[in-house]
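Features of the protein shown, as given by Swiss-Prot:
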BINDING   13, 14, 15, 266, 309, 313, 410  ATP binding site
BINDING   13, 17, 266, 309, 410, 414  ADP binding site
BINDING   13, 83, 84, 135, 244  sn-glycerol 3-phosphate binding site
BINDING   83, 84, 135, 244, 245  glycerol binding site
């Protein structure tokens, strides 16, 4: 049977999805299933690994059935996943010893403080590109080994395996034959040396983690094993893996130095490809691993805006200024500007490049003439200003000028926001036809690995741009607007 399709498994924080793409990178079928979020204690977040697997395997079957596609027509399956989330299971039985500890979980903060007290903070920054923070996998592994009965003894006997979600899915799909991850996921564990591209023995020793638990690291674009869907049909190659943000970067074909993408979700995730050079940030950005045009390791700078779409949710749910997020474009366009109003949405502090956890949200510039439309417009503009803050930091750190910004995520449907993003950053903003860029990245990696597509050059004809947003304001006005934002941020922090 002719191989006509590639399937991307997109395992996210709240749901598991399977998306079927054809040879022209069109979406043929989508299936999605949410799963349970567990909050056993304040600040703790867990998932049931078996529920992750059940939801992911069921949507894989469902996505093909929904489109009437036989599994024999599938050329390959790619995986993209929520990063950092930590699973440990028994090698012999495949049974998890504890729930998955999710990236958002803060329970291992004390372990991070212990590592800082040991003077490891700079070593971690230099060799992993990360900050010593509970966000990453390493301290979560140590917590499980320290707190689950017999876990440490079993680990030392070589009876336990660790994996991020990609590794867990690969293990289950191959019925325990393959224990592998890729560099983009390994780079989020706090245990991976991004320069030598190997597990770091000093950090394993500091966290008392046996190396035998860790998966083998293989390229993001390669064949890891095979699977049969629901035990039927021929063996399908499992052939591409990348963490969600790096998958989106590849899906946008940001495969060369200076290419960047911004994913507009609840927050915003910005990544800039820095090529073969790992750039250490002086602005609090993370240095991480990305995927190059040939599937090779590239490096990237990564930063996140805490309040992106969440700011619009606040307008809707707490202030009642809008009924639906899409209303913001209409109301923002009803006024020529914000009438001097700035919203700094520091509801949970400010992230990079400010790193001020004590900053709090504020509205500035309110006069008697300020109305609802001005506040709504200021909220949208705040997303673009925060993204500019990060992009400027990336440009300063890397010394690379940014020519264009690729965008994806739910908020890119907002033409006003996209145009203002182009105006305030003075770069062209490109919105793709297929906004499912995370899944598309996994599909591209899988398809390239098995020869379904031949090269990134071929993919450039598949990943079509829907809209080009070009800067439309002059430099003086741009500087005036941004100076107002910087002043508002400074006041928020004082």
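Counting begins at 1 with the first residue displayed.
Yeah, the Cβs are placed from backbone N, Cα and C, and that goes for glycine too.
What you see is a predicted model, and the numbers here were worked out from it, not measured in a lab.
Among 13, 83, 84, 135, 244, the residues given in the record as binding sn-glycerol 3-phosphate, the maximal Cα to Cα distance rounds to 15 Å.
Taking the C-alpha atom of residue 84 (sn-glycerol 3-phosphate binding site) as reference, the shortest distance to any of the binding-site residues 14, 245, 309, 313, 414 belongs to 245.
Sequence-distant contacts (6 or more apart, same chain, Cβ under 8 Å) of residue 13 (ATP binding site) comprise 82, 85, 102, 103, 104.
Cβ environment of residue 14 (ATP binding site): 34, 35, 37 lie under 8 Å away, each six or more residues apart in the same chain. For the pair residue 266 (ATP binding site) and residue 83 (sn-glycerol 3-phosphate binding site), the C-alpha distance works out to 16 angstrom. Across the fold, the C-alpha of residue 313 (ATP binding site) and the C-alpha of residue 414 (ADP binding site) stand 14 Å from each other. Under the DSSP three-state reduction, residue 15 (ATP binding site) is assigned to strand. Around the Cβ of residue 414 (ADP binding site), a 10 Å sphere holds 21 further Cβ atoms from the protein chains shown. Remark: of the binding-site residues 309, 410, the most isolated position is 410 (fewest other Cβ atoms within 10 Å of its Cβ). Cα separation, residue 309 (ATP binding site) to residue 244 (sn-glycerol 3-phosphate binding site), rounded: 18 Å. Residue 15 (ATP binding site) sits 13 Å from residue 244 (sn-glycerol 3-phosphate binding site), taking the Cα positions as reference. Among the binding-site residues 17, 83, 135, 410, 414, the residue whose Cα lies closest in space to that of residue 245 (glycerol binding site) is 83. Excluding 13, 83, 84, 135, 244, which define the sn-glycerol 3-phosphate site, the same chain contributes 82, 85, 102, 103, 188, 243 within 8 Å (Cβ to the Cβ centroid), listed in sequence order.
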